[in-house]
Amino acid sequence: MSKIIAVNAGSSTLKFKLYEMPEENVLAEGVIERIALPASHVEIKYGDGKKYEKTTDVKNHEQAIQILLDQLLDLDIIKEYSEINGVGHRVVAGGEYFDKSVVITPDVLKKIESLTELAPLHEPANVLGIKAFKKVLPDIISVAVFDTAFHATLPEKNFLYSLPYEYYEKYSARKYGFHGIGNRYVSQRAAELLGKPAEDLKMIITHLGAGASICPVKNGKSFDTSMGFTPVTGITMATRSGDVDPSLLAYVMEKEGMTDINEMIKVLNTKSGLLGISGVSADMREVEAAQATNPRAKVAREIYVNRIIRYVGAYLAEMGGADAIVFTAGVGENSITIRKEVAEGLNYFGIGVDNEKNDVRGVVRDISAKDSKIKTLLVPTDEELMIVRDVQTLANK
């Protein structure tokens, strides 16, 4: 029996989930927010619905980890630090270096640091978390689990852009994809639900959260993904644009007097998507609530659904059909109407949902209509569980 902690470090946040393995029992989970900012907030959920909260000052990630571990002791979740046998770090970009999870060595850490250009908003924070945990718990196994690794199986025809080939040779300019940790978990859980090995199935995973992507999985391996070199491409998201004609960006920059491309990249990442079109919110629930009286909210939602249908339809053609369409992540797990409308838009392919079965949120369920040729599944994602499983596998080698 061992205790393994899964960590997702952001620039000012530290999310964690502590598991007892191999039973996969969650002992505690929580977040430390506003690190290096005034009035940092600590929240830990544990036991049978218990919650600890505190507002304090947290100067950096190292102090955040120290506070977290001390609080786990105070709450009697652990008796001593040595009970924690391993830590798994979610790392956004693995580039072409990493096609699977790895034990973090000095050389591995250097390579991760060299990949910050691929995920400038996330990778530096991931590195901070790794270094901070190494300082506080230097003797335990530390594992990097990459969001891009699942997509290392993409064929060239799906990861190369139609740009001069030398850009790929010189700069590794290609599609990397994201949401890979969640995609891997969901594909395995969906296979269990269908009662078949993942290697014998074709499925399309629709990860619909604040960030959103579509991933066709063929014989247990990622075959393509709607996200690209960065997470901004693909379908419409909460604040990200999804696919846009690059020439339009140059046109708008000239009209708006923008001289720095990073200004436009910020617009694409933080001011577009549902928020940009609706002018109401990045939250689908608020957009849905406003659509009856707000035409922009209505069309934002229509664009969102239409882009999903477009990508799923293309991937169905590309893979020669599928055994299942799988909904996951915040919107996918909780929006009954989005699931219904996407299925209706794909009815031509023999996809449909049963209204009664679909009337649920956040559970594992087959929600297919009786006469469906392709199953429709609801599978909540669990990235943290995937991370700690990888840590345990590597620790046992």
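Cβ coordinates come from backbone N, Cα and C, glycine included.
The Mg(2+) binding site feature in Swiss-Prot is assigned to N8, E383; the stated evidence is sequence analysis. Sequence annotations record features per position, and here Swiss-Prot assigns ATP binding site to K15, H207, L208, G209, A210, G211, D283, M284, R285, G330, V331, G332, E333, N334 based on sequence analysis. For R90, the entry in Swiss-Prot reads substrate binding site. The feature active site, proton donor/acceptor is assigned by Swiss-Prot to D147. Marked as site 'Transition state stabilizer' by Swiss-Prot on the basis of sequence analysis: H179, R240.
Taking the features listed in Swiss-Prot, we show where each one sits on the structure.
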{"residue": "N8", "record": "Mg(2+) binding site", "Cβ contacts under 8 Å, 6 or more apart": "L14, K15, F16, H89, R90, G129, E383, E384"}
{"residue": "D147", "record": "active site, proton donor/acceptor", "Cβ contacts under 8 Å, 6 or more apart": "R90, V91, V92, A93, G94, F178, H179, G180, I181"}
{"residue": "L208", "record": "ATP binding site", "Cβ contacts under 8 Å, 6 or more apart": "I308, F327, T328, A329, G330, V331, G332, S335, I338"}
{"residue": "R240", "record": "site 'Transition state stabilizer'", "Cβ contacts under 8 Å, 6 or more apart": "G211, P231, V232, L268, N269, S272, G273"}
{"residue": "D283", "record": "ATP binding site", "Cβ contacts under 8 Å, 6 or more apart": "A238, L274"}
{"residue": "R285", "record": "ATP binding site", "Cβ contacts under 8 Å, 6 or more apart": "S335"}
{"residue": "E333", "record": "ATP binding site", "Cβ contacts under 8 Å, 6 or more apart": "F327, R361, G362, L378, P380, T381"}
Nonlocal residues around A210 (ATP binding site), in sequence order (Cβ under 8 Å, 6 or more apart): M237, A238, T239, A282, G330
When DSSP states are folded down to helix, strand and coil, where does E383 (Mg(2+) binding site) land? helix
Taking DSSP as the reference, which of helix, strand or coil describes H179 (site 'Transition state stabilizer')? coil
For the ATP binding residues given in the record (K15, H207, L208, G209, A210, G211, D283, M284, R285, G330, V331, G332, E333, N334), what is the largest pairwise C-alpha separation in angstrom? 24
Within 10 Å of each Cβ, count the other Cβ atoms, then let me know which of the recorded positions K15, R90, H179 comes out lowest. K15
Note down the number of other Cβ atoms within 10 Å of the Cβ of V331 (ATP binding site), including every protein chain shown. 25
